[in-house]
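Read through the structure below, which is laid out as structure tokens, and then see the notes.
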Amino acid sequence: MDAEDDPLLQDAWLEEEEEEEEAAAFNPPKRSAGPQLCGKCQWSPKLLPAMLPVSGFWNTVGWMFTNPCCAGFILFLGCAIPAALAMAMFLHYPALDIDISYNAFEIRNHESSQRFDALTLALKSQFGSWGRSRRDLADFTSETLQRLLFEQLQQLHLNASHLGGPTRLKRSATPPAARGRTRPTTHQSPANQSSRVPRGASRWDYSSAYVSANTQTHAHWRIELIFLARGDAENNIFTTERLVTIHEIERKIMDHPRFREFCWKPHEVLKDLPLGSYSYCSPPSSLMTYFFPTEKGGKIYYDGMGQDLADIQGSLELAMTHPEFYWYVDEGLSAENMKSSLLRSEILFGAPLPNYYSVEDRWEEQRHKFQSFVVTYVAMLAKQSTSKVQVLYGGTDLFDYEVRKTFNNDMLLAFISSSCIAVLVYILTSCSVFLSFFGIASIGLSCLVALFLYHVVFGIQYLGILNGVAAFVIVGIGVDDVFVFINTYRQATHLKDLRLRMIHTVQTAGKATFFTSLTTAAAYAANIFSQIPAVHDFGLFMSLIVSCCWVAVLFTMPAALGIWTLYLSPLESSCQASCSQKCMKKSSLHTADDLFIVSEAAAGPARGTLPYLDDDIPLLDVEEDSRLFVLVLILSIFFASRLRPASRAPILFRPDTNIQVLLDLKYNLSAEGISCVTCSGLFQEKPHSLQNNIRTSLEKKKRGSGLPWGSRGGTGEAAQPDLQGTVYISKSKSKGRPAIYRFSLNASVPAPWQLVSPGDGEVPSFQVYRAPFGNFTRKLTACVSTVGLLTQKSPRKWMMTTLSCDTKRGWKFDFSFYVAAKEQQRTRKLYFAQSHKPPYHGRVCVAPPGCLLSSSPDGPTKGILYVPSERAAPKVKPSTTSGFNPCMNTGCGKPAVRPLVDTGAMVFVVFGIRGVNRTRRPDNHVIGDMGSVIYDDSFDLFKEIGSLCRICKAIAANAELVKPGGAQCLPSGYSISSFLQMLHPECKNIPEPNLLPGQLSHGAVGVKDGKVQWISMAFESTTYKGKSSFQTYSDYLKWETFLQQQLQLLPEDSALRHGFQTCEHWKQIFMEIIGVQSALYGLILSLVICVAAVAVFTTHILLLLPVLLSILGVVCLVVTIMYWSGWEMGAVEAISLSILVGSSVDYCVHLVEGYLLAGESLPLHQAEDPTACRQWRTMEAVRHVGVAIVSSAVTTMIATVPLFFCIIAPFAKFGKIVALNTGVSILYTLTVSTALLSILGPGTFTRSRTSFLKALAGVLLAGLAGLGVCLALLESGFKIPLPNGMTL
């Protein structure tokens, strides 16, 4: 007998020939010859044979999963093997690093990364590190270069003396810049000196080998604060209220109980007497040192420890005489526009800590102690923002803590997602705890196996931030497979033999889930070809998890179903029967014979229909659905093509969070490598004698001079003590009449009034402002009247209103004052109201119960007011520093020129370095060995010095690329520029940068064995680092083109022709550009893999075409919705798109699987009408898989919904895209795919080994044809772009 006539063997057509022959020896049941109407959706009672072979592979499989001992052993292995692998991994292999840094997205194999890494390695080999710790070695290298230049000059003079006579200039063997110098660490170049630095900029030694007898003298840690002005259109931080707020926050930081244990204690602070109460801890590096000076012993100390605010304009004028001032403010501030939207501040902490011998002594222990201490500031700083000042906090340790905390909190949402899915699984498994447990356990244990393969087998040493998405997505994906197995097992109720039923379940569900898991894993695996390590590892990790999850479910669920059916089903059935009142309905999984409970009426033997069928489902209007699909597809393609690349830098966290605002602000601030630890007034100003400048701005105001800087509305803010007043409240109460209250600015209480005593909601007095001040701009008027009183001797009555007094009703103006409409710092909340009954008096109280004089809503005579708290009342006698103007008499001098603070991208032009050698580290990971530098042995500084100077001046003169004063052609110590002009005339007038005193130049040289190996010139470019990568790419091309033009002017044998330009910002832009390109290539690759897999699975072109059209429609519609939502194509969106194909095809494949299964039970009379046959098979397919795929879609969306609330932006956006794709996919599957199958599907086709071989051959031929086309294009000279940005 032909094997294809047996339906079961059609389902097992991939097995060996011997098994087929053995199975064919058994007679299959005949088809029913009676007429069966397709409209009634009757199922042939001979879907599967009544018996299976007593031997063979599938019989063994059925026996394994139905034998209790064997099934239990499989469940035991399913739990023991993952646990053993996980234990071996955790105990015998290095722990996985959790890399949540931005560097995980760096493309190390790209040219931009290789160039910058080569420069970084060269700097590290020369200086040890690239940062403030290289100061001493940078000075030493500068001196070495001076010595080499001086020796070269000496050689030139000796040659000249031999040729023509003695030189007129005699020099010593030591350069002048190095004379009298015993230690290179004490070097201060003239460019690093300041006329106003009597105390000198701090030059401490950062060397780890340095041993100090004093503790906390080395500044090793910091907290960085940024104060943003908000709440008004001007957004100027230099107002009294904002400066007072900032000062109080800084004082709170210093008042921390453990601050003295970790603070920085430089030796310069010992001269500041007021700091003795703080154990001579350095105050914050902040402009508050100018605004809040301290007076002691007749001297003014600029340490920021004062209680009163000095004159704002005078303090600004003094601070602006130092170039260090510009480090604290934004780029918009200048001498003409003395306003800034922000202020920066640094709180410095020192090492070694107490009880440690040196910085090197148990360094990890010291660092751990500091990290444990510094995180205690987070809770306090998070509450300091006001309506006028937003407080941002950062620094290396705090920022890392915030990122880790955010990551961990987002991961906690995965437990919420898993819990919701577990409840849903429990419900959909008919309240079976056993099946729910093993369904969820198989998913969780598969993650351990995948982690073992990822870490041990593939050798990946860290988990990236994108891998956290797996915790959400895999539960939804794994539950899909669980539902398919359970649903298939439930629908095989007509098979009374448990072994036959299990074989049918494994064959049908295993094959369907295999192809869906294959396409999903292939979609994730397509990201393995990405050049971005984080994306590469994410694709590998997700593909491993999906694959392991399928294997785990394939073995675990059949074994669990077998044990559950034999032992637990009767028990659960009896328990549910006894608790039927609590259950909504009985399980559809239980029959009458203790396997499943099935309605006999729904499955009569004469009809032969399965119990889950519903005869009332109408047929689809396929023509209407098809027309609608074509219209939607055309519109989707149109709108999807309008999606544009990202126009801004990637957002990593929610926009309103502290860490994301810090990341956005860094584009306007100086580079992270610049830390201005000695820029405050404590280091820049010596103590001023108060006798030399005794007059304050208050005295100047009394003499009729101009208003202080920063005043508003004609009222000087420096006159704050004169603005505040007190409103006193007294009352008069007569017998039988309500108490009447009196408001007055005078503290005296005439008879018959009595002073109000506190308690019972009464308010004896409260502070107000006489004029608008800061946020206290709400005007209240106190009105007085005698109308309505019984006699003239009766006391007058008062009321408050936000309007003018109503003279028509007898109210006259008494006085007015100003309060705040919203809560501010150091305010208290009060209530005022007017009685709606005679004598219509007013009252102020603490809480509403005491002010319920009227039931009307808030209005002009009733509401809330915020007044200054009592402790904020002005002092009776202001201190000597209140309003102090240091520039009153002689002035403070001209403002300093604004220095470079790295607000633009820093571009390096490097000579003497050919590249980086990474042969020892072939992978593409950030963690690990970076490689070694390949130097250019032909580079000779003195031979090429003229060309170098010419190139530097040419680049510096290009205003389109370089900011004015942004050229840094030489390393620190610009005294060597005087030597260069003697070596070559081109080196005259080399541009010099405007640097902060003590700031290192980014220009550097590498010296080894008395020879200059390489040199890098630095240029602060005009490139704004906040632009999107696609916009910045044009700047990169401008730099590359201009430099190549300059190098082409050099002689062909010049070693400078090997020079290159590099920038750390270039690496970042290529992360996103190539990330998007790689993801799009991944999208195409996953589409190819899915097409091949579906072609082999369906084995028919007419079944493949509906799937392809559905995938195209889903992807285009999802991209269209992204476009409508205002999204742009960034790295996260591109990565998400790369997996859409794999996740979109799942439901379509399940539907096609149902279509093929329906063909195996096709009624004989349906074969005569192809249209009716297609529609019948399509409807049966929907009924067969509808419940499973809808349940799978629901669980996937539930798994991704918690991602919406994640702080990490890629998580949130990824979750939205996956949820959107899932919803669109299930909608397309139940509508478009069914319509296409009804129109295009083959009517009588069934799968066979022959069709499988034909499909496989077709896929292989298509692959070979594609390869041939690529080779032909390469032969013709066509360049094929690659995902890494290169061309083939």
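Each residue's number is its place along the chain shown, starting with 1.
The backbone N, Cα and C atoms fix where each Cβ goes, and this holds for glycine too.
Residues or ranges marked as compositional bias 'Acidic residues' in TrEMBL: 1-23.
Taken from TrEMBL, the feature compositional bias 'Polar residues' applies to 183-196.
Taking H, G and I as helix, E and B as strand and the rest as coil, DSSP gives the domain 'SSD' (458-563) the counts 90 helix, 3 strand, 13 coil. Taken from TrEMBL, the feature domain 'SSD' covers 458-563.
Per TrEMBL, region 'Disordered' is recorded for 1-33 (among others).
Under the heading region 'Disordered', TrEMBL lists 163-200 (among others).
Annotation source TrEMBL lists region 'Disordered' at 694-720 (among others).
Residues 64-65, 438, 441-442, 445-446, 448-449, 451-452, 455-456, 552, 555-556, 558-560, 562-563 of the same chain, all 6+ positions outside the transmembrane segment (71-91), place their C-beta atoms under 8 angstroms from a C-beta of that stretch. Summarising the annotation, TrEMBL assigns transmembrane segment to 71-91 (among others).
If you look up TrEMBL, you'll see 411-428 (among others) marked as transmembrane segment.
Residues or ranges marked as transmembrane segment in TrEMBL: 434-457 (among others). If you look at the transmembrane segment (434-457), the same-chain residues 6 or more away from its ends with a CB under 8 A from one of its CBs are 75, 78-79, 81-83, 85-86, 88-89, 93, 96, 418, 421-422, 425-426, 470, 474-475, 478-479, 482, 486, 537, 540-541, 544-545, 547-549, 551-553, 556-557, 560-561, 563-564, 568, 572.
Per TrEMBL, transmembrane segment is recorded for 469-489 (among others).
What TrEMBL records for 509-529 (among others) is transmembrane segment. If you look at the transmembrane segment (509-529), the same-chain residues 6 or more away from its ends with a CB under 8 A from one of its CBs are 11, 477, 480-481, 484-485, 487-489, 535-536, 538-540, 542-543, 546-547, 549-550, 553-554, 1078-1079, 1081-1083, 1085-1086, 1089-1090, 1093-1094, 1097, 1135, 1138-1143, 1145-1146, 1149-1150, 1153, 1283.
If you look up TrEMBL, you'll see 541-564 (among others) marked as transmembrane segment.
Marked as transmembrane segment by TrEMBL: 1079-1097 (among others).
Per TrEMBL, the feature transmembrane segment maps to 1103-1124 (among others).
Look at TrEMBL and you will find 1185-1211 (among others) tagged as transmembrane segment. Long-range contacts of the transmembrane segment (1185-1211) within the same chain: residues 406-407, 409-410, 413-414, 416-418, 420-421, 424-425, 428, 465-466, 468-469, 472-473, 475-477, 479-480, 483-484, 487-488, 612, 650-654, 657, 660, 1132, 1143, 1146-1147, 1150-1151, 1153-1154, 1218-1219, 1222-1223, 1225-1226, 1229-1230, each at least 6 residues beyond the stretch ends and with a Cβ under 8 Å from a Cβ of the stretch.
Non-local neighbours of the transmembrane segment (1217-1240) in the same chain are 473, 620, 622, 625-626, 629, 1102-1103, 1105-1107, 1109-1110, 1113-1114, 1117-1118, 1121-1122, 1133, 1136-1137, 1139-1140, 1143-1144, 1146-1148, 1150-1152, 1155, 1174-1175, 1177-1178, 1181-1182, 1186, 1189-1190, 1193, 1196-1197, 1200-1201, 1203-1204; each lies 6+ residues outside the stretch with a CB under 8 Å from one of its CB atoms. If you look up TrEMBL, you'll see 1217-1240 (among others) marked as transmembrane segment.
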